[in-house]
Amino acid sequence: MTESGKVATVTLEGKSASLPVHSGTLGPDVLDIRKITADLGVFTFDPGYGETASCTSKITFIDGDKGILLHRGYPIAQLAEQATFTEVAYLLLNGELPTTTEHDAFVDTLKSHTLLHEQIRNFFNGFRRDAHPMAILCGTVGALSAFYSDANDISNAASRNLSAMRLIAKLPTIAAWAYKYTQGEAFVYPRNDLTYAENFLSMMFAHPSEPYKINPILARAMDRILILHADHEQNASTSTVRMAGSTGANPFACVAAGIAALWGPAHGGANEAVLKMLAKIGSKDNIPEFIAQVKDKNSGVRLMGFGHRVYKNFDPRAKIMQATCHEVLGELGIKDDPLLDLAVELEKIAINDEYFVKRSLYPNVDFYSGIILKAMGIPTSMFTVLFALARTTGWISQWKEMIEEPGQRISRPRQLYTGSPERDFTPFAKRG
Ligand code: CMC
């Protein structure tokens, strides 16, 4: 952060405050309002934090109007096309792309942490078989804190790194086992001869009774899906991780909080909601009626997988996801899937409809990721779990950055109170 040299003067009823303006390397300048309460006696009001920079960060940059997404300065399209997920994870965590030696060491360390404590295996039995896998993921990741008490030593850099590696390494195992458990199938242990994405597919789809053959096109698609979801600046779940972390909570608890925030349909739950929406629409003939419902403000129906808080042009991740979608469908020889045909038709109609054009509502990453995952045989209930698995890398990188920031303080927003003014307590007898 540098001083731009600019100062904004805010005047209120004869008092004035001079607010410094800071510049980042990219993006709009930010007005530093930290002195406004002391100088003017007011808070600022920004529900949903749409106009508020809550921190400084060197990890991810988004320009929503231009459809730009950079991780540590590298465009997402270049990373998705040329890097692997583990390279991107290293980049997010450490700030630079790894050399071959650094990458090998990073992957070796991850592989040494892919197994779960056998006691965690027992933990799964506590869940109902029909539990949503996000519930299992959220509970089990939080429970990791009970196994690694060294994670509480957040002032120790080695402890922070160890927790980060444990989380990135163990998430695929927990995620795949959450699925296996709900299916009543045997848990498949991690295979350290496979890549990160291959190993996840193996733990999801292999059976101990027979060899499992990895399809390289599907493994590459899975790797790309993980890259595209790895980080996304200060979104709801990342802000939740940072907020929980600002209290000094251990990183497993913070990531469990992030998983909970990701679960909702306005955020990570959208890819699951897209598939449910397509199933509800049922056939192309019903699209006009559905679109009419979406436009009717009283219906409460939204076109899931469309729109974004930040991207008001296009979601750069969606473009790559769309291409990957065609690759996967081609590889699997899927031509006439009614749900997929419906999705393509819905997209065509919506991007040409004035309602969506006027509001800059374009397909987001989740519109296509749901379709690809379905084609790959991933059950709908696992879609958000996959998002969480990928985003854990971003969450833990953002958590580390926050803890390592000098002068880091607890997050504590204020409010505009609209409740009753102070009044005296009345006992039951006088309440009538
Ligand atoms: N369908 C229909 N109308 C919409 C939609 C939609 N998906 N999204 C926004 N609008 C309308 C909204 O009704 C409002 O209209 P008006 O100006 O007439 O009142 C206008 O567009 C602006 O909407 P908003 O609610 O102020 O926008 P927001 O920035 O608060 O919401 C969003 C962003 C992602 C929550 C929203 O677009 C949405 O609910 N989309 C569907 C869910 C979804 O796909 N979420 C995944 C986001 S990408 C993955 C991730 O990063 O988590």
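Using N, Cα and C of the backbone, Cβ positions are placed for all residues, glycine too.
Curation plays no part in TrEMBL annotations; they are all automatic predictions.
Look at TrEMBL and you will find His308 (among others) tagged as active site. Cβ neighbours within 10 Å of His308 (active site), excluding its own Cβ and spanning all shown chains: 23.
In the three-state DSSP assignment, the secondary structure recorded for Asp366 (active site) is helix. Spatially close to Asp366 (active site) yet at least six residues away along the chain are Ala270, Asn271, Val274, Met304, Gly305, judged by Cβ distances under 8 angstroms. Here TrEMBL flags Asp366 (among others) as active site.
Long-range contacts of the region 'Disordered' (413-432) within the same chain: residues 43, 45, each at least 6 residues beyond the stretch ends and with a Cβ under 8 Å from a Cβ of the stretch. Taken from TrEMBL, the feature region 'Disordered' covers 413-432.
With helix defined as DSSP H, G or I and strand as E or B, the region 'Disordered' (413-432) counts 4 helix, 0 strand, 16 coil.
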